[in-house]
Amino acid sequence: MTQTTAAVICGEKDIQLRTFELPSISADELLVKNISNSVCLSTYKAALLGSKHKRVPENIDEVPVITGHEYAGVIVEVGENLKDQFKAGDSFVLQPAMGLPTGYSAGYSYETFGGNATYSIIPKIAIDLGCVLPYDGSYYADASLAEPMSCIIGAFHASYHTTQFVYEHEMGIKEGGTLALLACAGPMGIGAIDYAINGPVKPRRIVVTDIDEDRLSRAESLIPVSAAKAQGIELIYVNTIEMEDPVTYLKSLNDDQGYDDVMVYAAVAQVLEQADALLGNDGCLNFFAGPTDKEFKVPFNFYNVHYESTHIVGTSGGSTGDMVESLELSAQGDINPSFMITHVGGLQAAPHTILNQLDIPGGKKLIYPHIDLPLTAIDNFASLAEQDPFFSELDAILAKNNYVWNQHAEKALLEFYDVSLSV
């Protein structure tokens, strides 16, 4: 039997670190060593609601569930019936969207299946559904971030357009069209900007809005206007915080026309109303952000639905194909999901990080379950140099890369904490 330590949901707003023995795996299961897990806002929502959340079981006070679903690692033990599919020592990345009628998924619903743990067991149902993907790379953060990137990619694929009297949807954002990304300078927004510029379908103009100047400045430093121009795309960053009439201004950037595609990255009524007003003929509003209020409602212009063919779509999660696309684009160097990461920590940081996501500034938080490190901003490792000179070395690695987390930094960190990637 293998001992694991995990961050588990025990009740509403109650996440604890617990150490316990994992059962022996069955012939149809995998025992895995979790190397990295990126923290998702959806986990905060599950922790906030506890058993009131659709994906969280009723009996978590007796059988807590492991948090975390954006994870990657190394296979330690393979069930007898799976030895023709997997082998110990192989790296994997989890695709958590199983699509079960119950909504159950890794990181929400299982006692032994989740990312914020040193070891976990991947059950038969996840394996049968093809949710364990081989990972040929050696940068585990990239693998973890394939899940959030798949959500972004899935949203771009789910948007659609129409031709009058042709009764087929043309899936995806409009090639050569105009794209407005609203409230889009947060971590997922940065991933969306990156994909919009470097993905397979390219608009001719992208306008990114936010109300936080620091976030906009960071987004522009990571993805400059010149990078978009090299792809034949006009990229414009806009802070709308003090604008009396942002809709008129944003339309003025688009030849006084509405946009072909508008994506919304915050569940804020005012932003959605702006999005509706920004739609052009056959414009698609993609509501990416997930609200927590089940009664969240916003007025929508149905005159334009009828006469201008405006329409709306929303997605939650991404498919296996979306995840594979993310891994391929990352491996080719076309996109860099690590732009989203601003903090790194060990497993002991997971409970506080999950429960306080809304109050911790920055982007994605990355947990390495086998290291002993408080949650640390990646531009602040120099402050730990008094504890150990290694952190000065790590800061130097990051400084050379515009303080973007990267494979070199990950390798150095795992080696410092003696994290073995072999079994």
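Note that Cβ sites are derived from N, Cα and C of the backbone, with glycine treated the same way.
Features reported for this protein in Swiss-Prot:
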{"type": "BINDING", "residues": "Cys40, His69, Glu70", "note": "Zn(2+) binding site"}
8 Å Cβ shell about Cys40, His69, Glu70 centroid, Zn(2+) site members excluded: Asn37, Ser38, Val39, Ser42, Thr43, Gly68, Tyr71, Pro96, Gly107, Gly115, Ser144, Glu147, Pro148
Same-chain residues at least 6 apart in sequence whose Cβ lies under 8 Å from Glu70 (Zn(2+) binding site): Asn37, Ser38, Val39, Cys40, Leu94, Pro96, Gly107, Gly115, Ser144, Leu145, Glu147, Pro148
Count of other CB atoms lying within 10 Å of the CB belonging to Cys40 (Zn(2+) binding site): 24
Residues near His69 (Zn(2+) binding site) in space but at least six apart in sequence (CB under 8 A): Cys40, Ser42, Thr43, Leu94, Pro96, Ser105, Ala106, Gly107, Tyr108, Gly114, Gly115, Glu147
